[in-house]
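Taken from Swiss-Prot, the feature region 'Disordered' covers 30-92, 330-359, 701-736. The motif 'Nuclear localization signal 1' annotation in Swiss-Prot covers 30-37 and rests on sequence analysis. Residues annotated as compositional bias 'Basic residues' in Swiss-Prot: 80-91. Annotated motif 'Nuclear localization signal 2' per Swiss-Prot: 127-134, in sequence order, evidence recorded as sequence analysis. The Zn(2+) 1 binding site feature in Swiss-Prot is assigned to 227, 230, 250, 253. Feature annotation from Swiss-Prot assigns zinc finger to 227-273; the stated evidence is sequence analysis. Per Swiss-Prot, the feature Zn(2+) 2 binding site maps to 241, 244, 269, 272. The feature compositional bias 'Basic and acidic residues' is assigned by Swiss-Prot to 330-339.
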């Protein structure tokens, strides 16, 4: 083959440099390369060195084929070696001027971007060297890289600005420390830089966090374990929290503060639960004792909707109050010689001290207008009562303070008032105010679309199809009756507390507006460290009573204690007894008012407020739908709780009779939370401890008899609450009232001879109370049944006192026999259900109910006033006012009408403020 032969492209060797050059020799048959290149490729595959003689030399750009290296003249090889040597020397040179000259000699196009960038970098370095005279010294010390450190190079390009970040002098080929995770091996990332392919990355170890200086100083000191409360040291008596692994508590403080068992504290301490009340934790968690502020989370739109709902429910009550005002004024005008002119009406300026109930017991809940006699300094309270047959206008008279500040002992008689020429109407709420308030409330209601009001006797649309699933654990219905004609009335709403977390009250309000009770599950939070054991609570209270004798109330005015010992002799009556055993018995009934509950058990009191199932209705301070919340000074605040009810019975004879709450109803709404249920008998140590604490109280009272009498006199009214619960007392039991135990025969030697031992048993069933709840419309039938069977019911009641109103006085309890007779004669059947631990029973106002406790229970009771049942509450208060004074003194005085008027006024005012601040939000709300 001649060297000048032109080979077609399809037969040419495929060897090329990838750009322009390609071998012009002919490829071998069946191969893609020529003979020379094929042999070179074979040597490279076998990892052998290619001989210099077999390499081809490219021809210059003028043309010509490649020739072998053996054909090159010696002079030409020398020239080539000189050229290569010069290029190597130029690379070694570190001077920027020499590199700039070499670049200038390169024959490249002027539009080459890479060459332009290199030239720009070199120019910047030359200019920087001229500005910095000491650059040569820095270059020697830093190994030639100092001029690139700390400076950022930028280049303005047609489409933007390009920046070249400077390299790090120490870690030139390692990624940034921010890209390395703590405690893991870093990944070496080589930064792309000119002529830096062969530079090996510098080794780097695991990155670690250096401790803070304060931690290093504290770490040098030996960690000392101290009790979180008392600061006591010691390893043996301290219990460490496994949750935080930081707090320690001694055994004495745990027992003294009643913070649960050792296992509960070890699992999760009070600091972790947020129930610690020490100074440090109180400063950190200042808002723990307050009610949970659910309104802060609720949006303004939801708040306005709730206020609108309250106004819509209370507007009929306001209209009724204004109608009664109008009737009072018109009737009084007719009495004055037929003069139809409107009498002069003045607003009341009476303080809370002056607004006391009259001697005849007229409660201020129904007092709207008063007639004041200027001569006798008395007040004639007027109220329309259409139920009385004597007169269409009922007038009750009571004394108030005279101008000299002394109470008038005489009561202004009707004939004396009739002779008075200076009679003036005294209105606690001016008619102008209530009439304007009614107009404003109607305007608010017209802008709000209420949901469709269903018939009280119709079924709930949310519960359709759930009746068949009532037996399942996730059902929202609970079967409480089986023989009602209306199948939907056999079931009660049975939600969990989680169902109310998203302000989902529509389903609840559907059942609540019908007057049905609601049972809420899972109210008590899991993992609570508070101890609700009744014996422990009573002992804790007695200890506080001993420590603070002069400041606290008399404990026996709130507790009824019965202690007894029964001995058993087994064996021959004549001979020596083979076995001599005894059994301790304890009966404990107590009712703690809200003030005493908060004073003696602040942690338990705060826990009750935190676990309220529906805070919008039940929060006593911030409940948006609670009419009794956030009252002004002009309205007497009622004592709605929460209160604590303790019922404990131990021993064989005390386990047989049932402690019951007799049939009756409340004048307001109520929620009852079952906190604790036990069947564990009391131990001898607990009985001895109670006796010892009660003896200490009696010893202190004997020294200060005046304080004891004064305390019993002040709190004597509270003893009547214990009459609601009845139980059969055995002859061997000893009744202790007022810290003086009449059972003096229980000496220490006799107690030590008792070998009673008890073991705690796990309760398979956690229910402790059985409820029977009747409907509001069944009140008249219940009264008629009690009237017909009063002799049978009185035989069951040991008190045998005169009864004016069986339901208001809570005088009788209907057992299974009487409930069956009631169903047979009047077709009235209650909702009967069992209350388990952690369940809250929400009861509407006016619903008759009775409770039978099968076990020892501790429950909290809180009363509230919902807008749906204000009318029913007013009706029940009127019935209560017609009873004798002895009965009314037991009831909690509530001023329902005043609270309703104040709630409407505040709701209308707040709605206007919220809607006027954001006009767009108001438009979205109303449209």
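Here the Cβ of each residue, glycine as well, is placed from N, Cα and C on the backbone.
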Cβ-centroid neighbourhood (8 Å) of the Zn(2+) 1 site, 227, 230, 250, 253 excluded: 228, 229, 231, 232, 238, 249, 251, 252, 254
Residue 227 (Zn(2+) 1 binding site) to residue 269 (Zn(2+) 2 binding site) - Cα separation in whole Å: 12
Residue among binding-site residues 241, 244, 250, 269, 272 with least C-beta crowding, 10 angstrom cut-off: 244
Residue with minimal Cβ packing [other Cβ atoms within 10 Å] among the binding-site residues 227, 230, 253: 230
Rounded inter-Cα distance in Å - residue 241 (Zn(2+) 2 binding site), residue 250 (Zn(2+) 1 binding site): 11
Cβ-centroid neighbourhood (8 Å) of the Zn(2+) 2 site, 241, 244, 269, 272 excluded: 242, 243, 245, 246, 247, 268, 270, 271, 273
Secondary-structure category, per DSSP, in which residue 250 (Zn(2+) 1 binding site) falls: strand
Secondary structure composition of the motif 'Nuclear localization signal 1' (30-37) [DSSP: H/G/I, E/B, coil]: 3 helix, 0 strand, 5 coil
Between residue 230 (Zn(2+) 1 binding site) and residue 269 (Zn(2+) 2 binding site), the C-alpha gap once rounded to whole angstrom: 15
Inter-residue Cα distance where the pair is residue 244 (Zn(2+) 2 binding site) and residue 253 (Zn(2+) 1 binding site), in Å: 19
Euclidean distance between Cα atoms of residue 250 (Zn(2+) 1 binding site) and residue 269 (Zn(2+) 2 binding site), Å: 12
Residue 272 (Zn(2+) 2 binding site) and residue 250 (Zn(2+) 1 binding site), distance between Cα atoms, whole Å: 16
